[in-house]
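Data block below; observations after.
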Amino acid sequence: MYYYRYENAEVSCCYKYLMFSYNIIFWLAGVAFIAAGFWAWSEKGVLLDLTQVTRLHGFDPVWLVLAVGGITFILGFAGCVGALRENICLLKFFSGVIGFIFILELTAAVLAVVFQSQVRQWINDFFLANIKAYRDDIDLQNLIDSLQRMNHCCGAQEPNDWDLNIYFSCNDTHRSRERCGVPFSCCITDPADSVVNTQCGYDVRNKPKRDWTEHIFTKGCIPALEDWLPGNLYTVAIVFIVISLLQMVGIYLARTLISDILKVKFNY
């Protein structure tokens with residue numbers, strides 16, 4: 001009597017649904033980012049007048065939100081559909097893009113260490129350009145205010161950097177009430193104050209420099225960042241390692257699923 005053994009190779013359900021679950025989270029996150037970005041633009045009236053996008057002179061944070069959301073949405077969609085439909089092309093696209101992003105992150109980290117002075121100068125110039133555009137966009141304004149409040153800093157290198165902004169400039173020809181002042185986010189506030197005094201920075205730069213420390217933060221945000229980094233290197237490293245591990249898990253799941261699909265096709 002002869003016995004026949006039938007081996008029906010199947011794609012691992014474990015890897016398949018792990019890959020789907022991994023990507024559905026990113027896909028939903030991408031949807032949320034895109035929705036938040038368009039909501040922010042609708043609040044500013046950009047959707048009613050798209051030419052506003054080209055008129056902004058500084059950095060619009062909404063662009064970053066939409067870019068992150070778009071990339072996350074596309075990758076999440078490719079991973080989900082690729083896993084459910086066992087589509088090798090989509091899975092290769094997913095793992096390839098994730099790998100490319102990982103290489104970009106490593107390259108950026110290495111370049112930031114090797115070219116520290118150039119990176120510092122670029123960040124400084126970027127900050128000064130956005131100080132000029134502070135009043136052009138409400139999201140940019142909120143971003144700078146949050147940065148200055150959280151880091152107890154004012155301007156890029158010093159409070160006088162706000163002279164670049166036409167509203168805060170000490171230029172004699174200019175009659176703004178904010179002339180020779182700084183934004184309220186530069187002010188030293190009493191934690192007990194429940195109401196924010198948005199006029200606390202008015203005329204402060206008309207006073208002698210020795211008196212500034214009583215009213216505003218005098219350290220620039222770039223030096224504040226340089227002081228913050230050495231004491232938080234472990235935190236930065238842990239964040240980078242966690243992001244890298246998540247990317248590696250995604251690539252591993254995709255490549256393993258591709259291998260299983262190829263085995264099934266080869267056996268049939």
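Just so it is clear, glycine is given a Cβ too, placed from its N, Cα and C backbone atoms.
Because TrEMBL annotations are produced automatically, they should be read as predictions rather than curated entries.
So that you can see what the record holds, here are the features copied from TrEMBL:
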type: DISULFID; residues: Cys153-Cys186; note: disulfide bond
type: DISULFID; residues: Cys154-Cys170; note: disulfide bond
type: TRANSMEM; residues: 20-41; note: transmembrane segment
type: TRANSMEM; residues: 61-81; note: transmembrane segment
type: TRANSMEM; residues: 93-115; note: transmembrane segment
type: TRANSMEM; residues: 233-254; note: transmembrane segment
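The structure, with features from TrEMBL marked on it.
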residue: Cys153; record: disulfide bond; contacts (Cβ under 8 Å, 6+ apart): Leu147, Cys186, Phe217, Lys219, Gly220, Cys221, Pro223, Ala224
residue: Cys154; record: disulfide bond; contacts (Cβ under 8 Å, 6+ apart): Gln148, Trp162, Val182, Ser185, Cys186, Ile216, Phe217, Thr218, Lys219, Gly220, Cys221
residue: Cys170; record: disulfide bond; contacts (Cβ under 8 Å, 6+ apart): Asp163, Arg179, Cys180, Arg205, Asn206
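With respect to Cβ pairs under 8 Å, the transmembrane segment (61-81) is most closely packed against 20-41, considering the stretches 20-41, 93-115, 233-254. Here the Cβ of Cys186 (disulfide bond) has 25 other Cβ atoms within 10 Å, regardless of which shown protein chain they belong to. Here the transmembrane segment (233-254) has Cβ contacts under 8 Å with residues 15, 18-19, 22-23, 79, 82, 91-92, 94-95, 98-99, 101-102, 105, 109 of the same chain, all six or more residues outside its ends.
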